[in-house]
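Engineer: Attaching a single structure in C-alpha cells format; questions to follow.
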Amino acid sequence: MNHIESLKGLTPKEIRKAVYLTQLMLIAISLPWTLLSRDFSLVNVIEVDIINMFIYGVIPALLIVSIDFISYRYFPKHWWDDGGVNQLIFSQINRLEIIGLSGIIAISEEWLFRGVMQHHLGFELTAIIFALIHVRYLKKPFLVINLLIVSISLGVIMDITNNLLVVITLHFIVDLTLGLYWRHQSGGTYYVSTTR
C-alpha cells in the first residue's frame, strides 16, 4: 500500500492532524537535545538579521520555488508527483491555516535538522537524514535529488549564517508558496492523483 492509498480513508482533518502530530514529535525530539546540550544553545543561532534573511532566506526560497514551478511545467508529471499527498494536505485548508502549517513545519524541521542535528552530525549526514524522512519521495529519483539539493543548500546556508531564522525563513517561504499553489491547483477541493 502506498502513501496515497493509506491516506484515501482519512478525512482532510485527520490528514492535517497527522501532519501536526509529526511536527510535534520533531519538537519533542529537539527540545531535550536543546535543553540538555552543553555545547548548543538556541540563543547562539537565532538572530533577527533582515539582510541575511533576505539574501540567504528569501532569494534562495524564490529560486527553489521557481525551479519547482519550471519542473511542474516542463518535466513529466510522474517525475515530480508525490502521489497527491501535497494536494491532500493543502487542498482543504484555508490560506491562514496554510500560513500556520508552513510556519510550524519550517520551525520544527529546521530546529531539529539544522539547529540540533547539523550541530552534532554535520550538514552532509543531516541532509541525508532529512531526505530519508520524506519517505514518500524515495521512489521518485527526481524528487529525491531535488530534496537532497534543497537540504544540502539549507545546511550550507546554516553553516554560512549560523542563523536558524534564516533557514526557517527559507523553508517557510518554500512551503507556503507551494502550499498555496497546491491549494489553487486543486481548486480547494479534495484531490487524488492518478499517477503511481
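Note: Cβ is positioned from N, Cα and C throughout, glycine not excepted.
Summarising the annotation, TrEMBL assigns transmembrane segment to 18-35, 55-75, 119-135, 142-158, 164-182. The feature domain 'CAAX prenyl protease 2/Lysostaphin resistance protein A-like' is assigned by TrEMBL to 97-176.
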Engineer: Going along the chain, which residues at least six beyond the ends of the transmembrane segment (18-35) come within the CB cut-off of under 8 Å?
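Structural biologist: 10, 41-42, 89, 101, 104-105, 108-109, 111-112, 115-116, 120.
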Engineer: With DSSP as the yardstick, break the domain 'CAAX prenyl protease 2/Lysostaphin resistance protein A-like' (97-176) down into helix, strand and coil residue counts.
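Structural biologist: Final tally across the stretch: 73 helix, 0 strand, 7 coil.
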Engineer: Mean pLDDT across the domain 'CAAX prenyl protease 2/Lysostaphin resistance protein A-like' (97-176), rounded to an integer, is what?
Structural biologist: 89
